[in-house]
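Enquirer: Provided herewith is a single structure, encoded as structure tokens, for subsequent inquiry.
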Amino acid sequence: MSSLVAQLIVATLVAGTPLVYAALGELVVERAGVVNMGVEGMMVVGAVAAFAVAMATGSLGLGVLVAMAAGMLLSLLFAVLAVSFNANQVAVGLALTIFGTSLGSYLGKSYVGMALVVPPSGLGAAAADIPILGQLHPLVWLSWVLFTATWFFLYRTKYGLALRAVGESPASAHAIGYPVIRIRYLATLFGGALAGIAGAYVSLVYTALWTEGLIAGRGWIAVALVVFATWRPGRCLAGAYLFGGATMAQLFAQSAGVGLPSELMSALPYLATIVVLALISRDETMMRLNVPASLGKPFSI
Amino acid sequence: MTGSTRRHFLKTTAAAALATGAGYRPAWAAEEVLKVGVIHMGAISDTGWEHYQAQAWRALETAYPGKVKVTVLENIAQIQDCERLFRQLSTQGNKLIFGTTFSQYASLKKLAPTLTGSHFECCAGIEAGRNLGVFEARQYEGTYLTGIAAGRMTKSNILGWVGAFPVPQVIYSLNAFLLGARSVNPAATLKVVWANAWVDPAKEKDAVAALVAQGADVLSGSPNTPVQGLAAEEKGVWSIGSTGDFSAYVRKKQLTSFELDWSSAHLGAAKAVIEGNWKPESRWLGLGAGGFLKMTTSSPDLPASVAAEMKAAEAAIVSGTLKPFAGPLKDQSGAPKVAAGAALPDQEIRTMTWLVEGVQGTLPRT
């Protein structure tokens, strides 16, 4: 039975990782006062780009880098429209998702159904004997490194403070000399890069193939997670694993023959995540303290 | 469901062939090109359902070089768009128009009687209507055979099935899979996990992990991508391709598979339109010549004795002596469903909403 629990834990970490990347990126973007609803689209393009490059070169690392670049390129498009030209952020974000999804389908046409065969990395092979951790891909470890670094950046550095200030009150931040637009650009690009990695993780590690519908709404879950986690990284991480864990648990429960309707079980991860995060964020003062005061509001000098 | 059978279909096509052979003058002038329209709701580059739909109209192009012009629209996800485009295809002079999924059936049933300039055919439709023919595969004949392989190869006696949605096609397929397995290994059981999504490869992969963790060592399902097979291979267990051969991707651990082959439906309909004797028909065909299912090559690791067993069962199914849903059959709870000596009639197979004894899993309550 303990091996079953270990397998459940590994599967949870594997399933939660794309959400960790995407939600962490979106969290930083929203902390700077920008809502980018295009996460799903950026993930799709990241997934295709990573897969194409990894197929061509056999290098996962290169695939991930190109996915980051692709995500950043799309988020740059978003930033130009929504941050510089002050177009409605929600509308541009939605358009970005539609654009990204279609672009991904188009670019990925010749890769549909192909499977990636990549030898395990040296690092992975060296760690294979460690229980649980050793079974995880280095990209899972990297998500923890990035999480820690992002948390440290947001709460323990001057630049993180500046970014949060821009999200709270861009006018004040501007008045004391912070480059609001530049900071929002950088935050948006960071979000794009992380959405790209999230997509790359799905197509390279999670499934190791490309097909239309691969991302299957995970970008939207990431956007929702940020809100339910009240814009706090720790809760984002917990929420992502909670979602991944609930998904896995319901699949395990189904195959164990638990007599609940499968539709209800499929809905459980969503329900559990909403309920738990709503419960922990029911404190109104905490909520007000954490929501970036200028979220979604355009700023011009 | 009208009483059409394969035999009926063969009879009519044979009659049509005879009629032409006997100097019957086709209404279709020889130099005219038959315009055919097809609407796919998904991408034809997929590796499952749409791929096999596309193979069928490609077979048309090959069979009538220069005589048939196929217009293909793909990725038309919204049914409203499909309706508009069906009309458009008809007004553009396509004499034969194919729907490719069950989702288009209701629309075609409504449209076909009004668009009399064209003849319509819908794959996976329920029954033929005015100006609308339907064709569907008896997938359970294929899963019964692959079930034999699964039943022989399992060591844990636990088989796994990753289902998309609990619709009758999937339910009768997985039921027959277990019945095939139990025909050679009465101890076999089948665990079912529903993904509740037609395409979510990541979730399908997780479902495979959940099944393997609970002891399943031969997996099947009706995937549109090789992800289930690849996930099984990674875990070191067998996979079986139902309605798709993924041996090009799953190089070591695909035990066996069967494919869909709709070409006889497309060729038959085109021939009938060209000869001016097209009639709306319901076809529900399985294995055998001119059928919609084809067994594919099995893994070299499948023992020859098992392959022979499958061959024998295939011949018996084609000749009609073996009926996969022959009694005595009990449902999950042990309640008798089919008496010994009887067999489940077609109509009840097509609307099946119960799981056979030995399946572990749930269905939505109706």
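Note: Cβ is positioned from N, Cα and C throughout, glycine not excepted.
As listed in TrEMBL for this protein:
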TRANSMEM  A:32-53  transmembrane segment
TRANSMEM  A:60-83  transmembrane segment
TRANSMEM  A:89-107  transmembrane segment
TRANSMEM  A:139-155  transmembrane segment
TRANSMEM  A:185-209  transmembrane segment
TRANSMEM  A:215-231  transmembrane segment
TRANSMEM  A:238-258  transmembrane segment
TRANSMEM  A:264-280  transmembrane segment
Enquirer: Can the transmembrane segment (A:215-231) be said to touch the transmembrane segment (A:264-280) if we require at least 3 CB pairs below 8 Å and skip pairs under 6 apart in sequence?
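Expert: Yes, since the transmembrane segment (A:215-231) and the transmembrane segment (A:264-280) share at least 3 Cβ pairs closer than 8 Å, they count as touching.
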Enquirer: Using Cβ atoms and a strict cutoff of less than 8 Å, what residues sit near the transmembrane segment (A:238-258) while being 6 or more residues removed from its termini?
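Expert: Sequence-distant neighbours of the transmembrane segment (A:238-258): 4, 8, 11-17, 19-20, 23, 221-222, 225, 228-229, 265-266, 268-270, 272-273, 276-277.
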Enquirer: May I ask which of the stretches A:32-53, A:89-107, A:185-209, A:264-280 has the most CB pairs under 8 A with the transmembrane segment (A:139-155)?
Expert: A:185-209
Enquirer: Any residues 6+ beyond the ends of the transmembrane segment (A:185-209) with a Cβ under 8 Å from its own?
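Expert: That would be 14-15, 17-19, 21-22, 24-26, 28-29, 31-32, 34, 36, 38-39, 42-51, 54, 60, 63-64, 67-76, 78-79, 83, 113-118, 137, 139, 146, 163, 166, 215, 218-219, 222.
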Enquirer: Which one of these stretches, A:60-83, A:89-107, A:264-280, has the most C-beta pairs shorter than 8 Å to the transmembrane segment (A:32-53)?
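Expert: Counting Cβ pairs under 8 Å, the winner is A:89-107.
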